[in-house]
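Engineer: Shown below is the structure under consideration.
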Amino acid sequence: MRSITWFIVFCVFMFIALNHVKGQVKPTGCQGGQRYRGKCGTNGTKTCVKDMMLPKLFKTKRCDCQDMLGTFKGWHFCTCYSGRPGC
């Protein structure tokens, strides 16, 4: 009886430990990215929304702007995410 109790307790703790993993990002809908001339500037999000000319239907949840280095110095890369799942 004692071994069955320990086994059940062990299974419960393993379930909790495996389902409480931090650092995993759940997919948040559609993602689109594109390279553009120029730098991100002080407000990269507005720059990316303007550059990508996103329609209002896209409902941008977040845009990330990253200045590029190396061969593409003087360019920036925009990645925008929508809040719509299943695109």
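One-based numbering along the chain as shown.
Glycine residues also receive a Cβ, built from the backbone N, Cα and C atoms like all the rest.
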Engineer: Mind checking which of CYS40, CYS80, CYS87 has the disulfide with CYS65 in Swiss-Prot?
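Structural biologist: Out of the candidates CYS40, CYS80, CYS87, the one Swiss-Prot links to CYS65 is CYS40.
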Engineer: Which of CYS63, CYS87 is the other half of the disulfide bond that Swiss-Prot records for CYS80?
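Structural biologist: Partner cysteine, according to Swiss-Prot: CYS63.
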Engineer: Per Swiss-Prot, which of CYS48, CYS87 is disulfide-bonded to CYS78?
Structural biologist: CYS48
Engineer: Take the C-alpha atoms of CYS78 (disulfide bond) and CYS30 (disulfide bond) and report the distance between them in angstrom, rounded.
Structural biologist: 14
Engineer: List the Cα distance (Å, whole number) between CYS40 (disulfide bond) and CYS48 (disulfide bond).
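Structural biologist: So the Cα of CYS48 (disulfide bond) lies 8 Å away from that of CYS40 (disulfide bond).
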Engineer: What three-state secondary structure does DSSP assign to CYS80 (disulfide bond)?
Structural biologist: strand
Engineer: By the count of other Cβ atoms within 10 Å, pick out the sparsest of the disulfide-bonded residues CYS30, CYS40, CYS48, CYS78, CYS80.
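Structural biologist: Selected from the disulfide-bonded residues CYS30, CYS40, CYS48, CYS78, CYS80 on minimum Cβ neighbours within 10 Å: CYS30.
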Engineer: Quick one: which of these disulfide-bonded residues, CYS30, CYS48, CYS80, have their CA within 10 A of CYS65 (disulfide bond)?
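Structural biologist: Cα filter at 10 Å returns CYS48, CYS80.
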